[in-house]
Amino acid sequence: MATRGSGPRAPRLLLLVQLVAGRCGLAGAAGGAQRGLSEPSSIAKHEDSLLKDLFQDYERWVRPVEHLNDKIKIKFGLAISQLVDVDEKNQLMTTNVWLKQEWIDVKLRWNPDDYGGIKVIRVPSDSVWTPDIVLFDNADGRFEGTSTKTVIRYNGTVTWTPPANYKSSCTIDVTFFPFDLQNCSMKFGSWTYDGSQVDIILEDQDVDKRDFFDNGEWEIVSATGSKGNRTDSCCWYPYVTYSFVIKRLPLFYTLFLIIPCIGLSFLTVLVFYLPSNEGEKICLCTSVLVSLTVFLLVIEEIIPSSSKVIPLIGEYLVFTMIFVTLSIMVTVFAINIHHRSSSTHNAMAPWVRKIFLHTLPKLLCMRSHVDRYFTQKEETESGSGPKSSRNTLEAALDSVRCITRHIMKENDVREVVEDWKFIAQVLDRMFLWTFLFVSIVGSLGLFVPVIYKWANILIPVHIGNANK
């Protein structure tokens, strides 16, 4: 009986066991999936719990120290991302920087094991105590950086790197414009805390330029920081000063300002190469003078108005304007000499004839002027016609002598005019070489020393950057 009854029951029992096992497997898979989904939510709960515990009794206006005499040490650094502009007229430097600050907040410490292994959290800077470090020499009224999140570690280390756009005051020295170097400083310090409460530690003497975006007009030669202290009757106040030595890239001003000015100065020299009787010489000089005046107005719009120093390009323009003014005066004098005659002026002095008709032409490589007046006069005085006893011949000779004297008088007048014209040519040639020499020496004397100094600063900086 037991054997017959056990046959049909065995398949049923096996089917029941498989069904129960399948249900248990589904339940286990569902439980595993539920545990996988609940793991991230548990981390978020841990972080929520951590933030509630940290900021439950936290007051961000209170300096986070355990004892009253403890001071907070702020590790301070600066990273520059862009030199936006240098306004010479208003003497401002605009920069985009990052203020790197790090300190210990004793009220923001926790044990990572109690909060699911969380070691770092990020909270808005408005929720924690932050040092009131500002830029002292700000020029636009914005003394602090942007409110961004702080990074807090479990040991209480708070790192805050807010970006900031600053317009800082910068005394512009335009002596060597456009080959100038400027030294602009940015001074940071606490606005209310003294050194016994908040001390600033310079993290790195060099400004971080790894993310710097090049400027098309200025190049940063060096950017270094130094720490200082300001003391008064009761307290001392630490501060950090960053000095930016920036160098102007002069290519634009060289092409569109200096080279045209040099061209105008040499164009003035060519005035003396025109014929002495040309009235257009005055027009050319006047046109050059007007052009230089326009250049002066352009420079006046760029550089700051200061009576302490005169910029290099301003000195050159003033030099060229004096140069052109003298050329106008000399040209007027030469034209006056050119149009002189015996009927309008007295006879030429012997020393004038000797210097301008004999000596200077040889020195100026001009063809020697033949003194036809004296030559023809000597030939006339040395020549004598035969004496005729006949009255008709005497009468004819008297007529010839009269005609000869008249012709000689006209020749004398013509030769005096030609002598004055030749003196005008000598003056033009003399001033041509004189003004050319002065123009070359003046241009080289003004620009070469400055360019040499500028190159000596530029080359070592690039060599040092290449070695790095």
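Placed from the backbone N, Cα and C atoms, the Cβ positions cover glycine too.
If you look up Swiss-Prot, you'll see 1-22 marked as signal peptide, on the strength of sequence analysis. Per Swiss-Prot, the feature topological domain 'Extracellular' maps to 23-254, 452-468. Annotated N-linked glycosylation site per Swiss-Prot: Asn155, Asn183, Asn229, in sequence order. Residues or ranges marked as transmembrane segment in Swiss-Prot (evidence: sequence analysis): 255-275, 282-302, 317-337, 430-451. Residues or ranges marked as topological domain 'Cytoplasmic' in Swiss-Prot: 338-429.
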Study note, to complete from the structure: If one takes Cβ-Cβ under 8 Å and requires six or more residues beyond its ends, the residues near the transmembrane segment (430-451) are 176, 179, 258, 262, 265-266, 268-269, 272-273, 312, 315-316, 319, 323, 327, 330, 334, 360, 364
Check your understanding: In the same chain, who gets a Cβ under 8 Å from the transmembrane segment (282-302) while lying at least 6 residues past its ends?
Key -> 88-89, 177, 257, 260-261, 264, 267-268, 270-271, 274, 311, 313-314, 317, 320-321, 324-325, 327-328, 331-332, 335
Point to revise | Pairwise CA distance, Asn229 (N-linked glycosylation site) versus Asn183 (N-linked glycosylation site), rounded so that it is a whole Å | key: 21
Study note, to complete from the structure: The predicted model's mean pLDDT over the topological domain 'Cytoplasmic' (338-429) is 66
Practice item. Write down the Cα-Cα distance for Asn155 (N-linked glycosylation site) and Asn183 (N-linked glycosylation site), rounded and given in Å. Key: 40
Check your understanding: Hey, what's the Cβ neighbour count for Asn229 (N-linked glycosylation site) at 10 Å?
Key -> 12
Review point. Secondary structure at Asn229 (N-linked glycosylation site) (DSSP, helix/strand/coil)?
Key: strand
